[in-house]
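> First the structure, then my questions, so here it is.
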Amino acid sequence: MAVAMSSTCPGLYCGRTNINDSLEGECGVCPRGQRTNFEKICEKCTGSPELYDWLYLGFMAMLPLVLHWFFIEWYSGKKSSSALFQHITALFECTAAAIVTLLLNDPVGSLYIRSCEEAVFPLYTIVLIYYAFCLVFMMLLRPLLVKKIACGLGKTDRFKSIYAALYFFPILTVLQAVGGGLLYYAFPYIILVLSLVTLAVYMSASEIQSFKNLVAKKKRLVVLFSHWLLHAYGIISISRLDKLGQDLPLLALVPGPALFYLLTARFTEPNRILSEGGNGH
C-alpha cells in the first residue's frame, strides 16, 4: 500500500512525463499542452475548444480592433477622408495577427488549435501572443499609411490613434495576465453592458431622436448595426445556444434598446423638460 501511495502523484495537474514509452523523473508539472490522465501520466491534449471558448477568443480579439476604430474616429475629425482607410488597415492588422497566431500555435501550420478540458491551455497565452502580433503589424503598416493619406490633419494629430494604441495594448495585456479568468466568465455581460452604454451615448451625442434622424446618414446605420451585432454576440455567449429552440428567440431582443431609445427620447429631451418646468407644467 505504501508503494502504491508513493507512486501516485498528488494533485490534479501533477504527473510523470512519458518519454519513449518509459516514465522518467519524479512527479512534477506537466509540460505546456499536456495534462495528467487517470494514471497520473502526462498526456498531450487532443481536445477542441468549445463554442464558449471560441466566443471568448473572439471577444479578446475584438477588443483591440474596436479600440483602434474608436481612436481612429476620435482623432480623424469629421472632414478627414483618411478614417476609412485607417479602419480597413486596422481590420487587416488584427486579422493578419489572428491568422499568424493560429498558424504558430500547436499544431503549427494549422488554423486548428488543441485545448485541454478544464484547463486554461491555450486560452491564456494565445491571447498575449495575438496582442504582440497586433502591435507588430500596427507599427509596420499604420505609420506609413497615415503619413501618406492623413493630409487633412496636423503632423501631431495624424499619429494620435497610433499613440493611443501604445497605451491600450499594455493595458489589455495586463488585464489578460492578471484577470484573464474573470474576463473568461464575465465577457458576455461586459459586451452587453458596454454595447448598450456606447449606443446610448452615441445616439445622444448625435442628437438622434427619431427614425428620420437615424437614417439621415449611412454612418449612423453602420454604427447601429455594429452594436446590434455586439448585442447578438453577447446574447449568444450567455446562452451558449445549448437549447436552440429556447435560445434563438432571444435574438429578437437585439433591436429592443435602440427602439426603446427612439420611442422615449422625445420625453427625456432636456430642453423640453426645462421649458415645461418653466411654464409650470
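Yeah, the Cβs are placed from backbone N, Cα and C, and that goes for glycine too.
Not my notes, these are from TrEMBL:
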type	residues	note
TRANSMEM	54-72	transmembrane segment
TRANSMEM	84-104	transmembrane segment
TRANSMEM	119-141	transmembrane segment
TRANSMEM	162-183	transmembrane segment
TRANSMEM	189-208	transmembrane segment
TRANSMEM	220-236	transmembrane segment
TRANSMEM	248-265	transmembrane segment
> Cβ under 8 Å to the transmembrane segment (162-183), counting only same-chain residues 6 or more beyond its ends: which ones?
56, 59-60, 63-64, 67-68, 71, 75, 120, 123-124, 127-128, 131, 134-135, 138, 142-143, 146, 190
> Mind checking which residues reach the transmembrane segment (248-265)? Cβ under 8 Å, same chain, six or more beyond either end.
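Distal contacts: 196, 199-200, 203, 208-211, 214, 224, 227-228, 231-232, 235-236, 239, 241.
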> Short question: which residues 6 or more past the ends of the transmembrane segment (119-141) have a Cβ under 8 Å from it?
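For the transmembrane segment (119-141), the list is 13, 32-33, 35, 45, 49, 53, 56-57, 60-61, 64, 68, 89-90, 92-94, 96-98, 100-101, 104-106, 113, 162, 165, 169, 172-173, 176-177, 180-181, 184.
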> What parts of the chain pack near the transmembrane segment (54-72), using Cβ distances under 8 Å and only residues at least 6 beyond its ends?
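Long-range Cβ neighbours of the transmembrane segment (54-72): 83, 86-87, 90-91, 93-94, 98, 123, 126-127, 130-131, 134, 138, 160-161, 164-165, 168-169, 172, 176, 183-184, 187-188, 190-191, 233, 236-237.
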> The transmembrane segment (220-236): which same-chain residues, six or more beyond its ends, come within Cβ distance under 8 Å?
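Tertiary neighbours of the transmembrane segment (220-236) are 55, 58-59, 188-189, 191-192, 194-196, 198-199, 202, 206, 208, 213-214, 247, 250-251, 253-255, 257-258.
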